[in-house]
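Chemist: Pasting in a structure now, in structure tokens, and then I'll have a few things to ask.
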Amino acid sequence: MVRFSRPLNFALAVSTCAIPALAGQVQLSNLQLPPSALGVQATVKQMFVDSYNAYKTYAWGHDDLLPVSASFTDGRNGWGASIVDGMATMYIMGLDDFFNEAVNFTQFINFNESQVLETVSIFETSIRYVGGLLSAYELSGKQHQILVDKAKEVADKMAYAWQTFPGQTIPFGEIWFSDNTAVVDTSNIAEAGTLTLEWSRLSLYTGNDTYTQLTEGSVRTIANLVTPLPGLAPQGIDPSSNTFVGDYLTWGGGSDSYFEYLIKYPRVTNTDDNLFADTWHAAVGSSISAMARKSTVGNYTYIADWDGGELIHVGSHLECFHGGNWIFGGHLLNNQTIIDYGLELVDACWNTYASTTTGIGPEVFYFLANDQWNGNGVPSEEELTFYNEHGFWITTSDYILRPEVLESNFYAWRSTGDTKYLDRAASAVDSLKKFLPQPSGGYAGINDVDNPSAGFIDDQESFWFAEVLKYLYLTFDDPEHINLNDYVLNTEGQPFEAPAAKDVYGSGQPAVVLGQFVSKTGLPLPAISPNKYLPSPLPTPTSS
């Protein structure tokens, strides 16, 4: 760790130099795919078909397939998460039979009660169910009103998460649908601040602005609080007092999609309020000035975590969305510095894939940089050997079908047209097909990306359909299909139509919030992904 002996006083190292593109234009014009792309795309589509057929055989109507044991789990309240979350991908891939079957299924979902005796996550339910339903509604020509009706049904129940205290602006993260009572507990900024895309879209199609007011209000509250570094809200938040919990700063889990939506929300709405884009601008500037570090091996760019003035040289698969997000936002701000940093982050995250035996990246990794190291996460001799070859070492070795590295690689391809990103995606397809398939037809996570014999993780989460396979398919698809100049994808990979781009997003200056930083200490934070219902990894041998 790196200890700062006094509060940082720095100038934002983010230039506003012009780039040869219109503001708001994320995707390069006239992208051309090589002939080989069609074959890889067909492979990805078949992976969807195979794994979805396995879901239909062993888990239909439930949330997720257990691909190793050929059974099911209901970690998302038993409403059929894989069906709803996968609908947009089905439509994009032209899998009309699957899509029509899924639309028919949705009319029978009873969102007024959980199908299992568990609380409902406001965050997960919004990004997977509300997002999945409304994205499918748009993509299919807005002809299936039942998709809007069902999104409204579940959102109306979740709205009670804002109604525990008078004047409450930040929702509690979990709620009991049985009696509409929220679980009074701390939350995190990702759970509280990753709702605006989905709920504002619901306002658009219902004519009820309450959904926008609720979710915008949460983000406005967080963005207007004083933070340890400009724009960088700490991970923990207490909805009962609108106070941060601790001072841990990260682009990883628990914070990630709050920052992601700060820049995506203004693009999908074209709001004239600069709060969102300017706060994102400040967060990126602080990250570059105070947390960006180069590894001593490989010269890879990472964004360290910040804990009370100490830097922790840690990265994660979840965090690797940031490269794509910075590319996206850099274009909206017409800021080449941010775009260039985003591309460097994409390279560093891809290196975690390229460096393992399976060609798949780990859940968590550490690195060394040219600054003081105080012993937190000091590598063992074996880890140091790995680091000296690859520029990072693995601390949590599993892979649970996460999309973020492939997501950012997709943004890099669509933004630059550099075919190295196609080569990387094709390599990932080969690795996923080689190491993850099960006799059931499903795809399982693995316990150790650097040791294929360490066994499988018996879960095929819905984001396998919503994100991993969608991002890979679109990477090799006609670039005019889901053009990033016309669509904004939510944190679950669900595309939403975007209006014609504005000339500029934000004021051009990072947001500044004056005052004294205040936070609570000693309070527990909610568990961060993965799925809290995920069974323990099974020590099964890999398939031959």
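Cβ atoms here come from the backbone N, Cα and C positions, even for glycine.
Quick paste of what TrEMBL says about this protein:
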SIGNAL    1-23  signal peptide
ACT_SITE  GLU124  active site, proton donor
ACT_SITE  ASP256  active site
DISULFID  CYS320-CYS349  disulfide bond
ACT_SITE  GLU363  active site, proton donor
ACT_SITE  GLU404  active site
BINDING   THR491  Ca(2+) binding site
Chemist: How long is the line from the C-alpha of CYS320 (disulfide bond) to the C-alpha of GLU404 (active site), rounded to the nearest angstrom?
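Modeler: Counting only the Cα atoms, the answer is 5 Å.
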Chemist: Rounded to the nearest Å, what's the C-alpha distance separating GLU404 (active site) and CYS349 (disulfide bond)? Just drop the number here, would you?
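Modeler: About 9 Å separate the Cα atoms of these two residues.
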Chemist: Around THR491 (Ca(2+) binding site), how many other C-beta atoms are within 10 angstroms of its C-beta?
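Modeler: Result for THR491 (Ca(2+) binding site): 27 other Cβ atoms within 10 Å.
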Chemist: Express the distance between the Cα positions of GLU363 (active site, proton donor) and THR491 (Ca(2+) binding site) as a whole number of Å.
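Modeler: Cα to Cα, GLU363 (active site, proton donor) and THR491 (Ca(2+) binding site) are separated by 18 Å.
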Chemist: Would you mind listing, in sequence order, the residues at least six apart from ASP256 (active site) in the same chain with a Cβ closer than 8 Å to its Cβ?
Modeler: ALA190, THR250, LEU318, GLU319, PHE321, HIS322, THR491
Chemist: Quick one, of the active-site residues GLU363, GLU404, which Cβ has the fewest other Cβ within 10 Å?
Modeler: GLU363
